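Annotated in TrEMBL:
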REGION    1-31  region 'Disordered'
COMPBIAS  14-28  compositional bias 'Low complexity'
TRANSMEM  51-71  transmembrane segment
TRANSMEM  83-102  transmembrane segment
TRANSMEM  139-164  transmembrane segment
TRANSMEM  176-194  transmembrane segment
TRANSMEM  200-222  transmembrane segment
TRANSMEM  288-309  transmembrane segment
TRANSMEM  339-367  transmembrane segment
TRANSMEM  388-406  transmembrane segment
TRANSMEM  412-435  transmembrane segment
TRANSMEM  456-480  transmembrane segment
TRANSMEM  492-511  transmembrane segment
Amino acid sequence: MFSDDKDPRTAVTADESASASIHSSSSSSEDDKELEALGYVPSFKREFSNLATISFAFSIMGLCSSVATTFDTPLLLGGPSSVVWCWILGASMCFCLGASIAEVVSAFPTCGGLYTASAQLCPPSRRPIVGWVVGWLNILGQVAGLASTEFGLANMIWAAVVIAKNGNYDITAGKTVGLTTALLIVHGILNTLTTRNLALFTKGFVFVNLGATFLIIIVLLATTPRSEMHAANYVFGSDGVVNQTGGWNTGLAFLFGLLSVQWTMTDYDATAHISEEVRRAAYAAPSAIFIAVIGTGLIGWLLNIVLVLCSGPLENLPGPSDSAFLEIMTLRMGKPGALFLWTFVCLTAFFVCQTALQACSRTVFAFSRDHGFPDRGYLGRMSKWTQTPLNAIWATTLFSILPGLLDFASPAAANAIFSLTAMALDISYIIPIFLRRFYRNHPEVHFKPGPFYMGPGLLGWAANVICISWTLFVSVIFSIPTVLPINAQNMNYASVITGGVVLLSGVWYIISAHRHYKGPISNLPQKKEEETD
């Protein structure tokens, strides 16, 4: 039928491949034009596909690993019912925040994320100070988040060792800090890969994350006798409200359950920070955020319900491993089964750290590119070898090691740095959302909606108002010490440190930083001059 020797199926495949290549090139060209319209020269290769971007968004939240590291807080403060109801309440509010963030990211798909957007959504005279404060809040939250997640992963690994050794193993600060530092260096090395390799590596994260979660749910239900499952009133009702705060009223103890979901469902804008590496970024990045928030909220709720249902006597938790999640798995699955599945939980946490370091390094790169650091743009340089910001990657890695070292001096100080993560990040998120509404009619502020847009009507307004109000409310919860009586070890310093960073960054800006930092600025003229020279 064919006059040549070519297999028609091969010809079709080749044509499809060529078409896909042309489409990819075309979409990258459109993305680059959009980035230039925002004032920046395209510096990254756009290698993240839709799947890789969605996988990245899911991975930054961690789901089963994040629940594992935060599950003790609601369970041991407000009781089982606090675990279940605070999760779905917080997840619903986070859905409004995630949708509002996605809307802003769609309009400003740059690696500066909401830091860049904040400065663009206020009058030019206020851009420097707004960009400066939001930038520092966002970087603080991301560095603390990376450090705390890596620290949590180290503790998860040591918890498995304790279980394997039947509780006969002593975990010292040196072991925990040493493992945390080693893991951060490993993630620094992995992040030196090219964007193409990072995208290929990231694609599989979502399958491990969701697969491990569903496998844990199924195995827990299969291995727990029906007679040993807790009654509905314990899981959802008043029997499950157990105040173990040492003195706070039961209502506040119950609300401490919000800490788990807020710590898990944060760092939404991480996907925005890789948007200059994403194809069709104005579509893909916000969609990934939206999908990940819904998926994490609903699947996380199911996981929490099953954990409480199969948890056994509350007085036996968190057990010798100091992890109620792992103790429940060990109780129901036996030691071998629990440790096998725990490996995948740890692997999920490993992926969280991998994506968190990538996102944070892009924020540091963007802030340096805008002269936010007194480094003469050193951290804003791209490697000619990998076309990624290697200087920013290793600076972020080193910055993230420092909080863990505080554990040698004072575990309370280290925990104080870790606990401010969600507060610093969430406050940095609501600032651009507030500015967009507050300056909506200002003649010098122009918000051009992206493809992901909730519209000018009630839906968009409701989502924005709810997420701002909720973030302010939950920030108060973040600031309260969870246990009475208060002492140096259990004092909550999150609000003090977060407020201190805002104050000190403002003073720094007034005294000297205003000389070199003018807000997010275009690097197009500079680039053109360099090319002309």
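Placed from the backbone N, Cα and C atoms, the Cβ positions cover glycine too.
Contact count against the transmembrane segment (51-71) (Cβ pairs under 8 Å) is highest for 200-222, out of 200-222, 412-435, 456-480. With a cut-off of 8 Å on Cβ pairs spaced 6 or more residues apart, the transmembrane segment (176-194) and the transmembrane segment (83-102) reach fewer than 3 such pairs and are scored as not touching. Remote same-chain residues near the transmembrane segment (388-406) are listed as 44, 143-144, 146-148, 150-151, 176-177, 180-181, 184-185, 187-188, 191-195, 198, 357-358, 360-362, 364-365, 368, 378-382, 413-414, 417-418 (criterion: CB distance under 8 Å, separation of at least six residues from the stretch ends). With Cβ pairs under 8 Å as the measure, the transmembrane segment (339-367) is packed most heavily against 139-164, out of 83-102, 139-164, 200-222, 456-480, 492-511. Across 139-164, 200-222, 288-309, 412-435, 492-511, stretch 288-309 shows the highest tally of CB pairs under 8 A with the transmembrane segment (83-102). Stretch with the most C-beta contacts under 8 angstroms to the transmembrane segment (492-511), considering only 139-164, 200-222, 412-435, 456-480: 412-435. Long-range Cβ contacts of the transmembrane segment (288-309) within its own chain (Cβ-Cβ under 8 Å, at least 6 residues beyond either end) map to 50, 53-54, 56-58, 60-61, 63-64, 67, 71, 75, 80, 83-84, 87-88, 91-92, 94-95, 98-99, 101-102, 105, 210, 213-214, 216-217, 220-221, 224, 229-230, 234-235, 240, 261, 264-265, 268-269, 271-272, 325, 328, 452. Sequence-distant contacts of the transmembrane segment (139-164) (same chain, six or more residues past either end, CB-CB distance under 8 Å): 62, 65, 68-69, 171, 175-177, 179-180, 183-184, 187, 266-267, 270, 320-323, 326, 330, 335, 338-339, 342-343, 345-346, 349-350, 352-353, 356-357, 359-360, 363-364, 367, 396, 399-404, 407, 414, 417-425, 428, 498, 501. Note on the transmembrane segment (456-480): residues 90, 93, 96-97, 99-100, 103, 248, 252, 255-256, 258-259, 262, 419-420, 422-423, 426-427, 429-430, 433-434, 436-437, 492, 494-495 of its chain, located 6 or more positions outside it, place their CB under 8 angstroms from a CB of the stretch.
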